[in-house]
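What TrEMBL records for this protein:
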- Cys42, Cys78, Cys112: [4Fe-4S] cluster 1 binding site (BINDING)
- Cys188, Cys192, Cys195: [4Fe-4S] cluster 2 binding site (BINDING)
- 33-151: domain 'MTTase N-terminal' (DOMAIN)
- 174-404: domain 'Radical SAM core' (DOMAIN)
- 407-469: domain 'TRAM' (DOMAIN)
Amino acid sequence: MGERKEIKITTVEAKRQMDIIAQLSQHIKDKNLKFCISTFGCQMNAHDSEKIQGMLKQIGYIETDKEAEADLILYNTCCVRENAEKKIFGKLGYLKLLKRKKPDLLIALCGCMMQQDVVLENLKKNYRHVDIIFGTYNLYKLPELLQTRFETGKAVIDIWDSHQDIVEDLPSERKYPFKSCVNIMFGCNNFCTYCIVPYVRGRERSRKKEDILNEIRTLVADGVKEIMLLGQNVNSYGKNLEEPMTFAQLLREVNAIEGLERIRFMTSHPKDLSDELITAMAECEKVCNSLHLPFQAGSSEVLRRMNRHYTKESYLELVRKVKEAMPNIALTTDIIVGFPGETDEDFEETMDVVRQVGFSSAFTFIYSKRTGTPAATMEDQVPEDVTKERFNRLLDLVNSMQADYMHTFLEQEVSVLFEEVNKQNPELLSGRTSEGLLVHAKADHSLIGQTRAVKITENKTHYLVGTCL
Ligand code: SAH
Ligand code: SF4
Ligand code: F3S
């Protein structure tokens, strides 16, 4: 099929894909065909994969977690760091062997990595065993792409340069019956100088409030108790809507939905975390006692070169306000080590922020150069050995702070939403507290999907053990 193209889509598009799903299912339903999907990257991709699963199941495919027994293998890819990309190319080499043994096997690639020209060229030239390639803007078109592949027998490549309308109302799967992610916006306008996301996910666009609320109401009617509102920068939700509104206003409306128990959201950009939002978080009883607030680096000079639009001081002030409104809130963060030009002194500022804030946990990343971003061509790229040494020191600090934080829960009573049977010990159920902490406790399997009070008896650093009250 064709190269990049401009297509205007409307919301009737969803109906068209549903018709194709119905046609495909006529052919597929009795064939016992299986699909296997691997998802890389963030919650956005994880949620996109749920939509892919939803469509494939409706077509009649059966899901398997074993690639060797699948008739259709999909990789939903990430390119935020180089490692993620390397992993995909490694796996594609292995799939070539698999396909030699099983010529009918279909291989599909999608997600952020596909939105880069260099990757696409490489795939076309060197990975001709890939059957279907699509991107982040046209995921909903999978049924049609699959149909074209069946009809033509040729590789189908469909990548768009930018998004069109948001397509609503397609089937979606969810991993747990009682919790779900809900997109509230797509894309990002921030262009942090290290980050590739704005180039592969496009400009910021918010879903309409009514579409979001209706989706949540439908989910709640279907048994969902906890939702995660998703966006690259949820704090700027609603700015580009026909009738602009703030994220704080949205949060209050979501909070009012009867039957819903817990609300989480990510990610919050510090530059847009308003006082109005802090108040709304504190006042909305369903909003969980946690906040993911990436600070990336402690040095104000590094933050300036990262284009983050806040300083070390303003970040710490923001944390102070958040803690004042919600004294026991669990704060988590993302940190990058080794951004171009980062000096030892700059790095110490990062360590200082970690010590001052006392995060409940932190995701730490080694800076990865992404071609096409402004930081890739900045001078003074930090040598690998220096970055590694800093990274290890940061990790030690983060781990010890996390252990201290977890320790504070000993003998405390927490409320746990039980999610699943513990994989090691089937007598235990695993669940999460409002802070997002993992708790294992002896409980009847019928309590899965229910919230119970648990008294914490042991701290195992990465999880807690407790007894149901
Ligand atoms: N929109 C979110 C997160 C996007 S990506 C936010 O702004 O917080 C998730 C994390 O990956 C980022 O917070 C950042 O810490 C990390 N990251 C992004 N680009 C990176 C790069 N080039 N190298 C290393 N880490 C990176
Ligand atoms: Fe990337 Fe920055 Fe946008 Fe987050 S806010 S996705 S780090 S550009
Ligand atoms: Fe990766 Fe795309 Fe998310 S690049 S981190 S999967 S938005």
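From the backbone N, Cα and C atoms, a Cβ is placed for every residue, glycine too.
Locations of recorded TrEMBL features on the structure.
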residue: Cys42; record: [4Fe-4S] cluster 1 binding site; CB count, 10 Å: 16
residue: Cys78; record: [4Fe-4S] cluster 1 binding site; CB count, 10 Å: 23
residue: Cys112; record: [4Fe-4S] cluster 1 binding site; CB count, 10 Å: 27
residue: Cys188; record: [4Fe-4S] cluster 2 binding site; CB count, 10 Å: 22
residue: Cys192; record: [4Fe-4S] cluster 2 binding site; CB count, 10 Å: 21
residue: Cys195; record: [4Fe-4S] cluster 2 binding site; CB count, 10 Å: 21
Using Cα-Cα distances with a 10 Å cut-off, which of the binding-site residues Cys188, Cys192, Cys195 are near Cys42 ([4Fe-4S] cluster 1 binding site)? none
Among Cys78, Cys112, Cys188, the binding-site residues in the record, which have a C-beta under 6 A from ligand 2? Cys188
Centre the Cβ atoms of Cys188, Cys192, Cys195, go out 8 Å, and tell me which other residues of that chain have a Cβ in range of the [4Fe-4S] cluster 2 site. Asn190, Phe191, Tyr194, Ile196, Val197, Pro198, Gln232
Excluding Cys42, Cys78, Cys112, which residues of the same chain place their Cβ within 8 Å of the centroid of the Cβ atoms of the recorded [4Fe-4S] cluster 1 site? Phe40, Gly41, Met44, Asn45, Thr77, Cys79, Val80, Ala84, Gly111, Met113, Val197, Val200
Can you tell me how far the Cα of Cys195 ([4Fe-4S] cluster 2 binding site) sits from the Cα of Cys78 ([4Fe-4S] cluster 1 binding site), in Å? 12
Using DSSP, would you call Cys112 ([4Fe-4S] cluster 1 binding site) helix, strand or coil? helix
Between Cys192 ([4Fe-4S] cluster 2 binding site) and Cys112 ([4Fe-4S] cluster 1 binding site), how far is it from one CA atom to the other, in Å? 17
Which numbers of helix, strand and coil residues does DSSP report for the domain 'TRAM' (407-469)? 4 helix, 34 strand, 25 coil
Does DSSP give Cys188 ([4Fe-4S] cluster 2 binding site) helix, strand or coil? coil
